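As structure tokens, the structure follows; a few thoughts come after it.
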Amino acid sequence: MNNLNEVTHIDNVKLSEDGKKVIIIDQTKLPNVTEYLTLGSDKDIYDAIFELKVRGAPAIGICAGYGIYVLAQTIKAETFDEFYREFVKYKDYLNSSRPTAVNLSWALNRMEEVVTANKNKTIGEILKLLGDECRAIHEEDIKMCGAISEYGLSLIKDGDGILTHCNAGPLATSRYGTALGPLFLGKERGLNFRVFADETRPLLQGARLTSYELEKAGIDVTLICDNMASIVMKNGWIQACFVGCDRIAANGDAANKIGTSGVAILAKHYGIPFYVLGPTSTIDLNCKTGEDIEIELRDPEEIRNKFYKEPMALKEVKCYNPAFDVTDHNLISGIVTEKGICYAPFEKSIKALFV
Ligand SMILES: CSC[C@H]1O[C@H](OP(=O)(O)O)[C@H](O)[C@@H]1O
């Protein structure tokens, strides 16, 4: 299969033609079934984010932007105050779906700012501005992923082996992706990489989504269990590690899918560059260090049951299911954003992104 353009330009999250519904690909059904869901209610949108039907920090932000716009159109209000009160209720509800990826609150806050900055306009005029803003969030992410892909590609060369963890491709973003973006862009330009994709237990974003995107795009991908990252590095097959991110603290500590910090420690041990790739919308300067990042704890049953026909452990056995971990900035070779590559000292280089 070689449908490179189909992969890089997938419509994973979009607004319906009439602007009154959010349409997503249900990522929990991939790779075997490509099913579109139409989301119109606050619960539909909340559940889609919470159940990872739409997932990946940027994609969650884009979905939340469209989602609050769709919900704002349902508000029955005579005055601005009535409208704003209901708007904030919806915003807080969607914001409570998942705590770690900052793009969720970043997008919702941005949409709220449109409302508060236009309190003297009619509700109809505010809705028009909200429609423009949620579309801008999506368009900007497309541009950001394009720039991240270019910067990321400058770090690797034809024939390199790349290890990645979880999924930070087009399904997790808008177009191309962040960690996978350079690989798709390189493929477009005739470069070939050998990618090793960690399956990423327990929700298997690597197995189900990354290997699906790369295989479909005709990129050499080898799926490995998470505990095999060390041997492929020791064998000399990996020249760089590329991972995504869900929230980056001001000092460069980066939250990403559980298991990422282990990959970074292994990369350090084997002297392999480890890069975090993500848009500046995933940087949270309010988090001074990774200690300030809330780590989502998910249902332990996902470990036992989520992708097993039969439970793989006795129900009496306790399971611990943090969805993310934080990679210490000292383990990160560079942070690739749409504004350029940040190197240590990250406190300084990250701050420079926002001046
Ligand atoms: C491009 S951000 C992708 C990022 O989001 C994933 O988390 P989840 O699948 O739980 O939404 C994972 O941490 C990826 O690296």
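Residue numbers in this text run from 1 along the chain shown.
In case you wondered, yes, glycine gets a Cβ from its N, Cα and C as well.
The substrate binding site feature in TrEMBL is assigned to R55, G56, A57, R98, Q205, N256, K257. According to TrEMBL, the feature site 'Transition state stabilizer' maps to C166. Sequence annotations record features per position, and here TrEMBL assigns active site, proton donor to D246.
This view paints the features noted in TrEMBL onto the structure.
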| residue | record | Cβ within 10 Å |
| --- | --- | --- |
| R55 | substrate binding site | 27 |
| G56 | substrate binding site | 31 |
| A57 | substrate binding site | 29 |
| R98 | substrate binding site | 23 |
| C166 | site 'Transition state stabilizer' | 30 |
| Q205 | substrate binding site | 28 |
| D246 | active site, proton donor | 32 |
| N256 | substrate binding site | 29 |
| K257 | substrate binding site | 28 |
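Compute the center of the Cβ atoms of R55, G56, A57, R98, Q205, N256, K257, which mark the site for substrate; besides them, the chain residues with Cβ within 8 Å of that center are L52, I60, A101, C166, N167, A168, A172, G244, D246, A323, F324. Checked against ligand 1, the binding-site residues R55, R98, Q205, N256, K257 give R55, Q205, N256, K257 as the ones with a Cβ under 6 Å from it, listed in sequence order. Between N256 (substrate binding site) and D246 (active site, proton donor), the C-alpha separation comes to 5 Å. In the three-state DSSP scheme, C166 (site 'Transition state stabilizer') falls into the coil class. Taking only the Cα positions, the spacing between Q205 (substrate binding site) and D246 (active site, proton donor) is 14 angstrom.
The recorded positions close to D246 (active site, proton donor), defined as a CA atom within 10 A of its CA, are K257 out of R98, C166, K257. Considering only the binding-site residues R55, G56, A57, R98, K257, the residue whose Cα is spatially closest to the Cα of C166 (site 'Transition state stabilizer') is K257.
Counted over all residue pairs in R55, G56, A57, R98, Q205, N256, K257, the record's binders of substrate, the longest Cα to Cα distance measures 17 angstrom. Following the DSSP three-state reduction, the secondary structure of K257 (substrate binding site) is strand. Secondary structure at Q205 (substrate binding site), as computed by DSSP, is helix.
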